[in-house]
Every structure is written in C-alpha cells, then in structure tokens.
C-alpha cells in the first residue's frame, strides 16, 4: 500500500519536517524552545486577530477600544491578557533558545543562526510597535523616545524620524502605520521561521555534546512529539497562571493612563524584555554612541561564529567557558534590573560597568578562555 504521508507533495514536506525527521537521540529539554516559539507565534497571531476585530487605530478611540475589549467583548479580557503576556512568554522562550544556541555552539550552523538573529530583530520590532497600540502614557512616550533615537543618525536622522512619524510628532499617522506594521510583521516572522527550519534541516540538529550524531538518530515521532507536547502544556500552564492570577505583573501602571503629550511620565521605560538593551543605551552619555551600543548588543550575536576559538563545539566539557557563560547571564539580569531603575547614583555606574562587562565577556574573555582550554587539553 502506498503511504499517502510519504507520497503526497504537501504531506511529504510535513512528514520530512515533523514525523520521519531523523533527530539526535540525546537532545535535552533545551531543544524544546523551537517548538514552543512556534506555539507562541500561532497563539499571538490568533489572539491578535481577534483583538484587531475590535481595536481602532485612531488616537481619539484607541485607548477606549482596548477598554471596550476588556469590558464589553465576550472573553475580551482573557484574549487581551493572553496576547500581552503571550509576548512575555515569547521572549522568555526566545532568550532561552538563543542562550541554548550560545552554550551548545549551535551558531556554527551559519545560515540557521543568521536567520535566527534576523528573526530576533523582527520579533523585537513587532513587540515595540505593538506596545504603542493601547495608546497609554508609556505607549506614547516609549514610541516618542525610541523613534527619536533615529535622529542620532548623521545628516538624514531628523528627516528619517519625521518620515516614520508621518508628521512632526507621534500622532494619528504614527499609530495607524504602527498598527499596520504590527499586523503584517508576524506573518513575515512565520515565513522567516520556515526558512530557519529549512536551513536547520539541511544540516540536522546539534546535540548537547556538540559531536556529530549521524550514527545515532531516532525518528522525531513519537519520541520528540511527546516531549514537545509536555513542553507546550507547561508553557500554557505558566501563561494561564500569569493571565488569570497576575495579568498586570509584567506591565506598566502608567499604561492605564490615556496618552497625554503634555505630561511626561516620571520614568520612561520599555517592557521588561527590552530593559537590558535599554540599560546599555542609557549607560552611554552620547546619543549616537548609545544607539550604536544598543544595536551592537544584539548584532554581536552575528559575530559568535567568528569568535569561536575552541576546538570543541559545545560548552558541555569546558568548565571555564561554562562559568563565563553564567556570568554573562547574571550580567544580563543585572542590566535588566538597571533598565527599570531611575537614572541616578548608584544605578548609573552599575549600568555602565554591566554594559562594559557584557561586551568584554563576549568579545575578549570568551575567545581567550576557549584558547586556554585548548592549551590545557594540549590541542
């Protein structure tokens, strides 16, 4: 009997990607985050679609329309909070996914890694324009401050900012175009994710040891299907705990005040998942320097394959590099904390030291440590 799963042109693609895919037999739960990101994206697109049915992208009615969704639309409150907190879960999974890639040397798959970095930028852009839509105080001032950073670009900066704004300040035109961007970008993310997966399946997955696993492969279904389902159930559990018990835990109280261009909030800050980059931006007193540091803090990921000096791929058998990796994680958590603090002593100096340490670990200490480990093993 001909198996339709293996012969049908469309089903064959799905089969080779999710069913008969040969996978390493020893990949740990750190490899779950790819599928979790896929679930997050689907969840965000679905909840976002239902929100877009009731939302109006006009400065006069945007805030009221979000209130209307929460008060009057059937289960509108749960859809709204699933979307807002779903973004937080998305970024938690993203950071774990990137961290796994750094720890286990997955960045040696160049195409997959570079598409992944582009995906990270796209998701960050989507989250930023989405945060502007409720048109609260932090939405408005966040949009004003972050878009204003582009004015640091020499010669064309000011024109560029006014072009993005569609006027001389953040106003109706800005809100409308941000809604359009926020609607289209998730579909671009979905397309990029397919390309990401395409490149990954050209090489096959990495594994915790970093050693080629061609000699020991198992089919994706049922082993990793079950493992992924467990991860998905845990993700939904954490998301629903957040949505049903503490929906505003990760939000900003200022965003419950309608946008007012005449009243600046005492402390402008983005959502928690951007705070580490925001802290790096603020730690440099010069505007252009801050913007360059901000972009570099993410763009530095593209350099990871070039900075890999170890003879081993993974950090699994490299204790010194492991210590350095966890210091980097602690440094990023420190930056996240600093990003949410006011600009005053001692937070300024802590932020500057943490920012210097971030770049120093990645650009200097990691390559040196890897070389030392090579020499200790007489390689």
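Keep in mind that glycine also has a Cβ here, set from the backbone N, Cα and C atoms.
Taken from Swiss-Prot, the feature heme b b562 binding site applies to 83, 182. Over all protein chains present, the Cβ of residue 83 (heme b b562 binding site) has 21 other Cβ atoms lying within 10 Å. A helical conformation is recorded for residue 83 (heme b b562 binding site) in the three-state DSSP classification.
Marked as heme b b566 binding site by Swiss-Prot on the basis of similarity to another entry: 97, 196. Under the three-state DSSP scheme, residue 196 (heme b b566 binding site) falls in the helix class.
Taking a C-beta cut-off of under 8 angstroms and a sequence separation of 6 or more, residue 201 (ubiquinone binding site) has the following same-chain neighbours: 16, 17, 21. According to Swiss-Prot, the feature ubiquinone binding site maps to 201, an assignment based on similarity to another entry.
Per Swiss-Prot, transmembrane segment is recorded for 33-53 (among others), and the stated evidence type is similarity to another entry. Cβ atoms under 8 Å from those of the transmembrane segment (33-53) belong to residues 69, 79-80, 82-83, 86-87, 89-90, 93-94, 96-97, 100, 182-183, 186-187, 189-190, 193, 228, 231-232, 235 of the same chain, restricted to positions at least 6 beyond its ends.
What Swiss-Prot lists as transmembrane segment is 77-98 (among others).
Positions annotated as transmembrane segment by Swiss-Prot, on the basis of similarity to another entry: 113-133 (among others).
Here the transmembrane segment (178-198) has Cβ contacts under 8 Å with residues 17, 37-38, 41, 44-45, 48, 52, 55, 57, 112, 115-116, 118-119, 122-123, 125-126, 129-130, 132-133, 143 of the same chain, all six or more residues outside its ends. The annotation transmembrane segment is assigned in Swiss-Prot to 178-198 (among others) on the grounds of similarity to another entry.
Through the fold, the transmembrane segment (226-246) approaches residues 29, 32-33, 35-36, 39-40, 78, 81-82, 85-86, 88-89, 93 of its own chain, all at least 6 residues removed from its boundaries and within a Cβ separation under 8 Å. The annotation transmembrane segment is assigned in Swiss-Prot to 226-246 (among others) on the grounds of similarity to another entry.
Positions annotated as transmembrane segment by Swiss-Prot, on the basis of similarity to another entry: 288-308 (among others). Sequence-distant contacts of the transmembrane segment (288-308) (same chain, at least 6 residues past either end, Cβ-Cβ under 8 Å): 98, 102, 105, 107-108, 110, 113-114, 117, 120-121, 124, 149-150, 152-154, 276-278, 280-282, 355, 358-359, 362-363, 366-367, 370.
If one looks beyond the transmembrane segment (320-340) by at least 6 residues along the same chain, the residues whose Cβ comes under 8 Å of a Cβ in the stretch are 99, 102-103, 269-270, 272, 274-280, 282, 310, 347, 350-351, 354-355, 357-358, 361-362, 365-366, 369-370, 372-373. Swiss-Prot lists 320-340 (among others) with the feature transmembrane segment, giving similarity to another entry as the kind of evidence.
Among the features that Swiss-Prot reports, transmembrane segment is placed at 347-367 (among others), with the record citing similarity to another entry.
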* Structure fact -> For residue 83 (heme b b562 binding site) and residue 97 (heme b b566 binding site), the CA-to-CA distance in whole Å is 21
* Between residue 182 (heme b b562 binding site) and residue 97 (heme b b566 binding site), find the distance joining the two CA atoms and give it rounded to the nearest Å. => 23
